[in-house]
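Taken from Swiss-Prot as is:
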- C434, C440, C479, C483: [4Fe-4S] cluster binding site (BINDING)
- C483: siroheme binding site (BINDING)
Amino acid sequence: MSEKYPGPLVVEGKLSDAERMKRESNFLRGTIAEDLHDGLTGGFNGDNFLLIRFHGMYQQDDRDIRAERAAQKLEPRHAMMLRCRLPGGIMTPQQWLAIDKFAEENTIYGSIRLTNRQTFQYHGLLKKNVKPAHQMLHSVGLDALATANDMNRNVLCTSNPVESQLHAEAYEWAKKLSEHLLPRTRAYAEIWLDQEKVATTDEEPILGATYLPRKFKTTVVVPPQNDVDLHANDMNFVAIAENGKLVGFNLLVGGGLSIEHGNKKTYARTATEFGYIPLEHTLAVAEAVVTTQRDWGNRTDRKNAKTKYTLERVGPDVFKAEVERRAGVTFEPVRPYEFTGRGDRIGWVKGIDDKWHLTLFIENGRILDFPDKPLKTGLKEIARIHKGDFRLTANQNLIVAGVPEGDKAKIEQIARAHGLMAGVTPQRENSMACVSFPTCPLAMAEAERFLPQFIDKVDGIMAKHGLAEEHIVLRVTGCPNGCGRAMLAELGLVGKAPGRYNLHLGGNRIGTRIPRMYRENITESEILDNIDELVGRWAQEREPGEGFGDFTVRAGIIRPVLDPARDFWE
């Protein structure tokens, strides 16, 4: 203990009900298998409502028609959101064709939603289609295990198709980390894949019988790109290369963006540098971080259960020393690295392997045949002829990777014909929103449905001030849980109520600073008035190459968040 970090290693007190639920679940089985046969409700009952999250699903309903159904004395139109496990975001065209077909035939909305965690989600999956969904994924070598709830979620890896050798090595580590930290329970295989119940006792040597205190997120980052937004994550491995070859990682621990409106015990936090490790210690160190958080994380209050709060309670040095003890390693000093950006390079780039890579901008990651843009059909046509792979990015875009010179023209022709290469402004390319309404039960304000028209208006402001070729990293999240990563944007909007947002300013382009709240609970027109005034000043007063977020801090418009646990709410 110290004056700054006075907390105990373990928080004593009454455990949250989620801990009871996990303990009684028989290693995540609950009564999910029986519940699947209950046709009286479209949802899952009791603990199963939460247990299905460990199997990669959330129970949702269509909030646009919730009141109407209640008036008719009907239960909400329950449907599941299912999230695939796809470390590093790489999949084959054959896998794409399978998920495309399933979305078309078995979901209410018929869409595929790319997420900013490099995977895809189905929305509107009825209970009767849940098991077939898992079986379809399994048939093409995929699964949805551990993509939600108190486990290590989908592992991210920088999408860099140009540095092919280094990217390939980093991607292999993302896969190894994902596999190493997976739950060992056979519940997933038994319930969804009809595999035999084995008479052995389940054990969870890493995650433990009650799993982690809260969600846990991991990235592998290849500088100079910070596309994965490492500071949103609990555990980050920053690739260090010598002569283009991966030699080890800098480890950063304890990032996270989720807050609760008005709860000053919650805050966004950037990750802390622990030091450098050679490659051979990677899995041991990852396991040590996870087990330390497993044992020390707060199981009495889920709002304070993430790794960032554990670090602030016990102190980063104490946590780091425990990781060293458990892993049997001593961290070396952090090796130099720097970030220069985090957006995707839209369009064609040629890799050092002489293959071509086409990054397609997908607004909000929503893949559907829109009236003027049949994106879904276009990607299906590309998948039918493409010999390389598809890579989902942490910016909700898609890379058609590994295209030989001879196939380039044909793929471009398909992409253009289906609206996949319609040029957009730099501002639109650098804006992002979470799903929010109508499917997310936590949504307080619109996000995905709000963003396209909102960016039209922001584009108008940028053009008015002579900045049409510039951009602000702008993000909208429908609630303070932060899926849209607004808490690492230069300009972040956080949903407060229908049509109202908190406006945060002062992040930076490379995603290493938390933005501070500038205006609370304001409307779209008030937001646009603020943006107009601030962009006008930025255009007039900025220094050469100065990003919007850095300008707002230098000009004294907003104070930077320097020590979030103590100054985030000031």
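Placed from the backbone N, Cα and C atoms, the Cβ positions cover glycine too.
Its Cβ taken as reference, C440 ([4Fe-4S] cluster binding site) is surrounded by 21 other Cβ atoms within 10 Å in the chains shown.
Counted over every protein chain shown, other Cβ atoms within 10 Å are most numerous around C434 among the binding-site residues C434, C479, C483. Following the DSSP three-state reduction, the secondary structure of C440 ([4Fe-4S] cluster binding site) is coil.
Taken residue by residue with DSSP, C434 ([4Fe-4S] cluster binding site) is part of neither helix nor strand, so it is coil.
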